[in-house]
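Before any comments, here is the structure.
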Amino acid sequence: MYPPPAPARRDFISVTLSPGRSYDGGQGLRRRSCWRKWKQLSRLQRTVVLFLLVVVMLFGLLSYVHVADEWTAVDSRSAAAGQMRPANPPVLPAPQKAAENPEAMAGLSPQKPQRHFRRGPPNLQIRAPDGDPQERRQDRAQRRAEVVGEAGWGAEAQRDGLSWRGAGTKPQQGTEPPGKKAELPARPSPRAARIQANPAPQNERQKAVVDAFLHAWAGYRKFAWGHDELKPLTRSFSEWFGLGLTLIDALDTMWILGLKKEFQEARNWVSKRLLFQKDVDVNLFESTIRILGGLLSAFHLSGDILFLKKAEDFGNRLMPAFRTPSKIPYSDVNIGTGVAHPPRWTSDSTVAEVTSIQLEFRELSRLTGDKKFQEAAEEVTRRVHALHGKLDGLVPMFINTNSGSFTHLGVFTLGARADSYYEYLLKQWIQGGKKERQLLEDYLEAVDGIRKHLLARSEPRKLTFVGELNHGRFSAKMDHLVCFLPGTLALGAHHGLPAEHMELAQALMDTCYQMYRQMETGLSPEIAHFNLHHTKAVKDVQVKAADRHNLLRPETVESLFYLYRLTGDRKYQDWGWEILHSFNTYTRVPSGGYSSISNVQDPRHPQPRDKMESFFLGETLKYLYLLFSDDPDLLSLDTYVFNTEAHPLPIWAPS
């Protein structure tokens with residue numbers, strides 16, 4: 001009935017012994033387990049894993065090549081620094097310890113910076129975030145190159161016993177433009193790095209300018225250090241390019257004014273913080289005259305090779321702007337990506353912008369021996385010279401970057417968008433040693449065109465002014481920007497052009513002064529309209545509500561400097577003194593800095609605009625200081641030519 005009992009179960013343990021092998025802690029089992037897991041993956045999964053491994057290996061290889069190139073670049077820059085080291089450069093003394101850390105203060109601004117809309121992007125970082133290894137590697141490489149390049153330079157200067165003495169007065173004599181074959185980079189003369197053994201002491205008016213500069217600089221240093229521009233009322237800053245515009249614009253001003261500590265501190269910022277490898281669009285014209293011009297001028301005055309290296313780096317980053325079908329450059333270029341483009345709203349560039357970069361690019365070629373900068377800029381000059389659409393030497397305001405032709409024909413002005421075209425015709429001719437005949441002929445023809453088409457006289461004081469022509473119709477409108485013209489005409493007369501140019505310069509200088517004198521605040525509006533009719537109790541200078549702001553512009557004091565330097569008439573100094581007094585009365589902000597104002601006709605409520613343009617330190621105060629100097633050898637007009645941002649560059653073959 002019952003099934004037979006199951007046989008008894010026996011358990012066995014099998015042990016396999018292999019001779020010559022030992023226990024490996026289970027690693028073999030783990031290897032076999034990984035292999036089984038790999039075989040269990042689908043074909044798609046295995047393909048994805050293999051692809052990711054290949055990508056990682058490629059990135060590793062590229063990173064290795066990049067790092068190797070960086071070290072090679074460091075070695076080459078170090079060798080180049082040895083070649084480019086100036087002869088007998090000065091030794092800059094270490095600045096005194098600052099009362100506060102400006103970089104820390106920049107981050108502790110009392111008010112969050114507002115958005116700033118201009119041609120540049122708002123609120124850029126000045127230094128790259130710490131998490132970006134690429135930026136950190138470039139920063140370290142740059143610092144290594146500077147240490148290598150400057151170690152021998154400082155020792156050599158100490159051996160020669162040079163010291164920081166202020167503005168230089170004499171660049172290398174008889175320098176020539178770069179030849180077809182670049183030899184060693186040009187070196188500044190020792191005389192370009194120091195002032196005379198016994199510099200003239202500052203007079204009371206110059207001391208007042210120094211005081212104004214220090215007040216403006218204190219606000220910038222405390223509230224906007226390393227940023228583009230100070231907003232003095234809100235004690236914050238605004239950004240345009242994110243490249244420390246005010247600091248770079250003011251470098252040569254500090255040198256000329258003898259501000260050693262401030263110059264050295266700014267120089268340290270340029271060395272450690274001014275990095276151009278950033279994704280940001282810059283305006284070709286504005287960045288050339290302010291940054292490139294400022295760095296070149298600082299190099300010439302101080303002899304410090306750091307500024308030339310920075311200038312060459314920046315110049316290379318601007319070159320993509322010239323890659324257009326017509327060789328007329330785009331208005332904007334990204335200095336990080338190398339992508340250039342016209343403004344968003346048009347394919348045109350302004351004539352003044354594309355024809356007012358030549359002084360800087362030509363000088364960069366002369367110093368580096370690389371002719372590409374000069375060739376690109378001079379090609380623009382040649383093409384504009386040959387264009388149709390001019391009126392007796394006067395040019396329209398716009399030029400197309402695709403066709404290379406003028407656009408918006410029939411409109412002629414010496415104000416915005418055309419002004420510095422005429423200025424750079426003369427100054428290129430002077431810079432090149434008065435050898436380029438075509439530049440001179442274009443300038444002389446333009447002056448004749450101004451006389452023929454744009455000059456008129458106001459009522460009741462018979463002030464000579466420069467108006468505008470719009471399709472044959474004359475307008476009695478004159479921008480404050482046009483007040484560069486008296487100084488340019490006087491400079492040309494000094495260099496041998498007709499004496500009638502000086503007569504016109506003096507007449508226009510009177511007009512520009514009246515644009516200040518006839519305003520209740522003693523400050524000029526941005527745009528003036530002149531009365532042409534015999535009417536009692538009416539001033540010559542009329543101002544529209546939209547034009548009555550003042551941006552702390554330099555053009556009038558610039559021309560006052562030229563007129564006083566070349567005539568010796570002290571009334572020009574007195575006029576400049578009145579203007580400085582008005583700046584101090586209506587634009588000075590107690591906490592530091594100066595502000596543009598919105599209403600020059602209301603002394604009780606001038607309506608400050610909370611903005612201090614970089615050119616107030618780079619141009620306005622510099623020209624006032626030079627105006628009040630009685631030393632004709634302080635930046636002699638036979639030795640230096642000023643770019644349109646007041647940065648002095650040497651004349652290649654001084655007369």
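Heads up, the Cβ atoms here are built off N, Cα and C, so glycines get one too.
Residues or ranges marked as region 'Disordered' in TrEMBL: 83-204.
Under the heading compositional bias 'Basic and acidic residues', TrEMBL lists 129-147.
Taking all protein chains in view, 20 other C-beta atoms sit within 10 angstroms of the C-beta of E286 (active site, proton donor). Residues or ranges marked as active site, proton donor by TrEMBL: E286 (among others).
The active site annotation in TrEMBL covers D419 (among others). Around the Cβ of D419 (active site), a 10 Å sphere holds 24 further Cβ atoms from the protein chains shown.
Marked as disulfide bond by TrEMBL: C483-C512. Around C483 (disulfide bond), taking its Cβ as the centre, 29 other Cβ atoms fall within 10 Å, counting all chains.
If you look up TrEMBL, you'll see E526 (among others) marked as active site, proton donor. For E526 (active site, proton donor), the same-chain residues lying six or more positions away in sequence with a CB closer than 8 A to its CB are D479, H480, D547, R548, H549, N550, L551, R553.
Counting only residues at least six positions away in the same chain, the Cβ atoms of H480, L481, V482, C483, F484, C512 sit under 8 Å from the Cβ of E555 (active site). Marked as active site by TrEMBL: E555 (among others).
The distance from the Cα of D419 (active site) to the Cα of E286 (active site, proton donor) comes to 14 Å.
Packing around C512 (disulfide bond) is summarised by its Cβ count: 28 other Cβ atoms lie within 10 angstroms of its Cβ, all protein chains included.
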